[in-house]
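A short write-up of the structure that comes next.
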Amino acid sequence: MKYRTHKCNELSLDHVGEHVRLSGWVHRYRNHGGVVFIDLRDRFGITQIVCRQEENPELHQLMDQVRSEWVLCVEGLVCARLEGMENPNLVTGSIEVEVSSLEVLSRAQNLPFSISDEHINVNEELRLTYRYLDMRRGDILDRLMCRHKVMLACRQYLDEQGFTEVVTPILGKSTPEGARDYLVPSRIYPGNFYALPQSPQLFKQILMVGGLDRYFQIATCFRDEDLRADRQPEFTQIDMEMSFGGPEDLFPVVEELVTRLFAVKGIELKAPFLRMTYQEAKDSYGTDKPDLRFGLRLKNCCEYARKFTFSIFLDQLAHGGTVKGFCVPGGADMSRKQLDIYTDFVKRYGSMGLVWIKKQDGGVSSNVAKFASEDVFQEMFEAFEAKDQDILLLIAAPEAVANQALDHLRRLIAKERQLYDSTQYNFVWITDFPLFAKEEGELCPEHHPFTAPLDEDISLLDSDPFAVRSSSYDLVLNGYEIASGSQRIHNPDLQNKIFALLKLSQESVKEKFGFFIDALSFGTPPHLGIALGLDRIMMVLTGAETIREVIAFPKTQKAGDLMMSAPSEILPIQLKELGLKL
């Protein structure tokens, strides 16, 4: 049986007089007395079909029984709609199909939510439980189609650049990479476990040892971590690695790749992208993921804070803290109530409060006005280049607390005051991250233990490891990290030294990374790589609020699959076969 001669978006006035066959879902149904109208929908569009009782009573009776989301196959004659009855909102709005035969291919039970009315808000848990129905509402399928085109563009470009797509193993060895592993018990080796990959990191580096030169993969990765709006337990990244190069070789490749991906949506980007060191980003924006669509740059105010008699300023400065903030143009219109709300907001991030200083009619209005002279306030206005009716917002706190609080406050105010264009795309490379972070007083990798230190900082590894910068880089878009990578360590002695600084014993290194150290010992080319978060890129490209909206079958924020009721218990016999007990 031939189910269709045309898709539901293809018919026009050029087809008037033709007999056609269409298949699809009942999108909307209307019975106007002796005339039944049905909007028939497939993935491509909608066509109106019609049956008149006086012309075909039996068919009219059958169509009168049809309900929403039934699947039909219809045959009929393409006719022009009557003048004034055209629908300009449909590609096929100038025609309709007068049905001569109809077959019900599948019936649908009562729907848990409306498919035809996309504007009705539906509880997300209900949508995820019936994901297949949610897909029919339009946005999800559109995003999946966009994702498909983005992946095609990715493969085509990287192939042009000499990258080879290689699929690396899903079942691998558990190695410390930051987050918890998802573990898979082995039936063949009782008591032993595979780990699902948090990334193909070691495999892609070993491919460079093997001489592949340039590798890529659209890889599925797994991390058992707490979820946020932009995280999933399983996610997809565009994974890349290349030999005999440095960041100056990689950056143009990635910039052109991103440009091609955005071109899928008709968005034109300008390269090269801005670059900023980690320290510059922290100093000016309070974060290593700055949103550069708006100003509100942070400024260190310690020089002026020392001239205050305000105890909170002086106490923070005496104990190594900082005083910093930003200027909001025209912000002097903020009410005391609004400023109290902002004060409560920054307290969530550990700040003791919020200092505000308004420049109004050449004078000063501030909640710390009595703690400094007029001259000090004027010096601060000059430093911030504040104009009349601007406001300065300051925080006195330890550096990390001040940065975090001001970063969030800056974003909140920019959103509330509409200081940026949501269709603007501001990319920035963040470079020169610290090689190590501090966790409970101990060294831990800022990115991962395979990141190379900058050559000029290697001498500091023994004397001042926290001062060592890494040859690593993140690509940030509008406050989202969409890619992260680094130059890799290709010297086994240096790699062992990094492991030792991380207090991994020789036995532990041999057990977890022995195969990798062996590989590095057989002639390893200098190499580097990067991974782009495909889900996050799609989230930005399609305007989705969460990455769940750009994944066909996402997990909830509690890592559950509501449609399949996973995770679920398994049978005792399955546990026994695996040699496990609960």
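Glycine residues also receive a Cβ, built from the backbone N, Cα and C atoms like all the rest.
Around the Cβ of Arg223 (L-aspartate binding site), 21 further Cβ atoms fall within 10 Å across all displayed protein chains. Secondary structure at Arg223 (L-aspartate binding site), taken from DSSP and collapsed to helix, strand or coil, is coil. The L-aspartate binding site annotation in Swiss-Prot covers Glu177, Arg223, His447, Arg488 and is backed by sequence analysis.
Positions annotated as ATP binding site by Swiss-Prot, on the basis of sequence analysis: Arg223, Asp224, Glu225, Gln232, Glu481, Gly533, Leu534, Asp535, Arg536. In this view, Leu534 (ATP binding site) is surrounded by 25 other Cβ atoms within 10 Å of its Cβ, with every protein chain counted.
The region 'Aspartate' annotation in Swiss-Prot covers 201-204. Outside the region 'Aspartate' (201-204) by six or more residues, the chain places 168-169, 172, 175, 177, 215, 217, 239, 241, 448, 450, 513, 516, 529 with a CB less than 8 A from a CB of the stretch.
Per Swiss-Prot, site 'Important for tRNA non-discrimination' is recorded for His32 (among others). Around His32 (site 'Important for tRNA non-discrimination'), there are no C-beta neighbours below 8 angstroms that are at least 6 residues distant in the chain.
The feature site 'Important for tRNA non-discrimination' is assigned by Swiss-Prot to Gly84 (among others), with sequence analysis given as support. Under the DSSP three-state reduction, Gly84 (site 'Important for tRNA non-discrimination') is assigned to coil, being neither helix nor strand.
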Arg536 (ATP binding site) and Arg223 (L-aspartate binding site), distance between Cα atoms, whole Å: 16
Residue among the binding-site residues His447, Arg488, Arg536 whose Cβ has the most other Cβ atoms within 10 Å: Arg488
Glu481 (ATP binding site) CB neighbourhood, other CB atoms within 10 A: 15
Secondary-structure category, per DSSP, in which His32 (site 'Important for tRNA non-discrimination') falls: strand
DSSP-assigned states of the region 'Aspartate' (201-204) in counts, ordered helix, strand, coil: 4 helix, 0 strand, 0 coil
Cα-to-Cα gap, His447 (L-aspartate binding site) vs Leu534 (ATP binding site), nearest whole Å: 19
Distance in Å spanning the most remote Cα pair of Arg223, Asp224, Glu225, Gln232, Glu481, Gly533, Leu534, Asp535, Arg536, given for ATP: 19
